[in-house]
Amino acid sequence: MSHYGRIKLLLEQHGLSPNKRFGQNFLVDPSVAPRIVALAGIKAGDRVLEIGPGVGSLTIPLLQKAGAVTAVEKDRKLLPLLRVEAAGVGALTLVEEDALLVDYTALAQQLGGPLKLAANLPYNISTPLMVHLLDHHAAFECMALMFQKEVAQRLAAEPGSKAYGALTVQCALWAEIRHGFDVPPAAFLPAPKVTSAVVHVQMMRQPRVAVEDERHFVRVVKAAFAQRRKTLRNTLKTICPDPNRWLEQAGIDGALRAEVLTLAQFAQLANTPMPTSAP
């Protein structure tokens, strides 16, 4: 029986089907999971985390390599299936929780140190989830993550490109990201309408540039990109009463758009005291 056929039969036996509300697209191509495991550099004894294990297509190869895996799964209907699949393979710890609400810093401390994360992320939450993971950057050593290709391209885009945005800048502060490989729609059940891509994310112990207040930095970046076609002096009006003076003090041309600013320039702006009154 093909791997695809086995997954379909497994779902039928447990009375399950992919849940659109949870953004479930189960991996049915057996060649993909080993490549994700390899990209993440998983080895025996690693502290491994998976988000959205689904029917275990990636979970089992992770268990075979590491011996133990902690997996965050929101859909409680999948938990019995996962326990059956993992029996005799390795030690699987299931955390029934919304991945967007997990305190990954606390989880890493509980497991003994930084984690290696491997995941076929639910597409409907992939962007906010990536931001949440970045908020807990110290909890991770590295990641191998599957996104829609369009989202994956945004993570490591260059200034001036169409894909460059707030998410790119946030990622650049704490991570080195490289493209791993593309995955066609036929690798999933159900098949999505778009191509997917797996990226490798290497977390850094120190930020790439000095940022005095990270929350303020993120607020500045989001405000700058909120209206992409507008200049900085216009987009930053939402958070600063005198953006022209602020930009001038930071040494940044207010006629520029956010999409051309580098990470260093965003840090420079965020680190420059903001005027508290209008001109």
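Any Cβ shown, glycine's included, is placed from N, Cα and C.
Swiss-Prot lists ASN25, LEU27, GLY52, GLU73, ASN120 as binding S-adenosyl-L-methionine, and of ASP46, ASP98, ASP103, ASP135 the one it places in that same site is ASP98. Close to ASP98 (S-adenosyl-L-methionine binding site) in the fold, though at least 6 residues off in sequence, lie LYS74, each with a CB less than 8 Å from its CB. All protein chains considered, the CB of ASN25 (S-adenosyl-L-methionine binding site) has 21 other CB atoms within 10 Å. Residues ASN25, LEU27, GLY52, GLU73, ASP98, ASN120 are the ones the record ties to S-adenosyl-L-methionine, and the longest Cα gap between any two of them is 20 Å.
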